[in-house]
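Everything on this sheet refers to the single structure shown next.
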């Protein structure tokens with residue numbers, strides 16, 4: 001098969017392949033970028049694989065950067081663009097189930113492609129647009145199947161994260177995991193215990209953010225992978241509840257995903273749960289605040305105080321999750337109420353501590369914070385205008 005209309009991203013990189021071939025080596029476009037031609041997906045990074053060894057690649061091009069030379073990757077800088085050029089390689093045993101004990105550079109494209117995870121990712125294309133499909137990757141794409149290259153047990157023993165990648169691709173592409181590949185995931189899911197939480201986190205969030213998340217989630221549950229993810233071991237029933245949500249309401253962000261997950265799974269200690277997942281402090285803070293407000297919305301509408309204490313980011317976060325949960329959300333109306341707040345932070349109060357001290361000719365103490373909090377509350381509730389003169393007068397009254 002030949003691609004008649006090669007996407008621009010590939011055309012721009014053709015000179016790289018030409019130069020490598022002129023030096024007497026083979027070079028091809030490989031991996032996800034070739035797959036995405038058949039999926040009509042936007043292209044991002046264009047990867048090139050070559051029979052030239054790293055030092056040989058560096059001799060061909062004037063400007064290069066060693067970005068992963070121990071794994072055969074050299075970054076080639078060419079006409080204001082940069083391309084990762086990686087030597088064909090084979091990999092030895094994987095004692096830690098994630099990194100090869102040894103990488104061996106080879107001259108054979110087939111040897112390189114057969115170590116890849118799934119057949120749809122084991123495609124190559126030459127500079128004329130001819131597709132090299134040694135493992136029936138195009139057939140898998142046409143059948144919307146995720147098929148491991150060669151023996152799936154071997155692939156997952158090499159890098160156990162490939163199981164989560166398969167589930168993630170299922171969620172993103174609406175592909176089904178082929179039966180033998182799925183059975184191998186069931187057999188080897190415990191290997192996920194060997195993988196760092198940070199790596200699992202990345203694939204898990206991509207799964208939840210996929211347009212077809214239920215496809216990935218269902219297989220995640222069926223294969224038992226959830227048992228080896230932080231805080232999910234005893235949550236099969238609650239995870240199944242995620243499948244009941246309207247899949248057409250796509251999860252738009254990582255924070256929405258974590259808040260939705262904590263709420264649906266009824267996580268009691270969100271701090272502990274999110275820390276186990278190695279989430280950022282910002283996610284911890286927003287999800288904790290979001291959980292409080294989600295529960296309050298079951299009982300009452302947003303008050304000015306809730307809007308103010310939560311802040312715009314958390315308000316939107318909570319309402320986005322309510323929409324996915326199928327609850328009646330009036331995000332637009334809530335944001336109008338938020339915008340109408342007299343102040344949105346203490347910084348917007350027309351007086352500060354120094355001005356209060358100067359006006360009262362007083363020394364600082366715990367009383368100052370109490371007065372400022374009272375002024376903040378009165379302005380927020382409309383009991384006092386946000387006017388410096390009025391606020392200082394009120395401070396004087398409160399000080400007495």
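Along the chain as shown, the residues are counted starting at 1.
Glycine too: its Cβ is placed from the backbone N, Cα and C atoms.
Taken verbatim from TrEMBL:
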BINDING   32, 35, 116, 159, 162, 165, 168  CTP binding site
BINDING   32, 35, 116, 159, 162, 165, 168  ATP binding site
BINDING   45, 47  Mg(2+) binding site
DOMAIN    27-146  domain 'Poly A polymerase head'
DOMAIN    174-233  domain 'tRNA nucleotidyltransferase/poly(A) polymerase RNA and SrmB- binding'
DOMAIN    251-394  domain 'CCA-adding enzyme C-terminal'
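Neighbour counts of Cβ atoms within 10 Å were compared for the binding-site residues 162, 165, 168, and the top value is held by 162. The Cβ of 45 has fewer other Cβ atoms within 10 Å than any other of the binding-site residues 45, 47, 159. Of the recorded residues, residue 45 (Mg(2+) binding site) and residue 165 (CTP binding site) place their C-alpha atoms 18 Å from one another. Within 10 Å of the C-beta of residue 116 (CTP binding site) we count 20 further C-beta atoms, all protein chains included.
In the domain 'CCA-adding enzyme C-terminal' (251-394), helix, strand and coil residues by DSSP number 98 helix, 0 strand, 46 coil. Here the CA atom of residue 47 (Mg(2+) binding site) lies 14 Å from the CA atom of residue 116 (CTP binding site).
Cα-Cα distances to residue 47 (Mg(2+) binding site) place 32 within 10 Å, out of the binding-site residues 32, 159, 162, 165, 168.
Note on the domain 'tRNA nucleotidyltransferase/poly(A) polymerase RNA and SrmB- binding' (174-233): its mean pLDDT in the predicted model is 98. Across the domain 'Poly A polymerase head' (27-146), DSSP assigns 32 helix, 40 strand, 48 coil. In this view, residue 32 (CTP binding site) is surrounded by 17 other Cβ atoms within 10 Å of its Cβ, with every protein chain counted. Note: the domain 'tRNA nucleotidyltransferase/poly(A) polymerase RNA and SrmB- binding' (174-233) comprises 42 helix, 2 strand, 16 coil (DSSP; helix = H, G, I, strand = E, B).
For residue 35 (CTP binding site), other Cβ atoms within 10 Å of its Cβ number 22.
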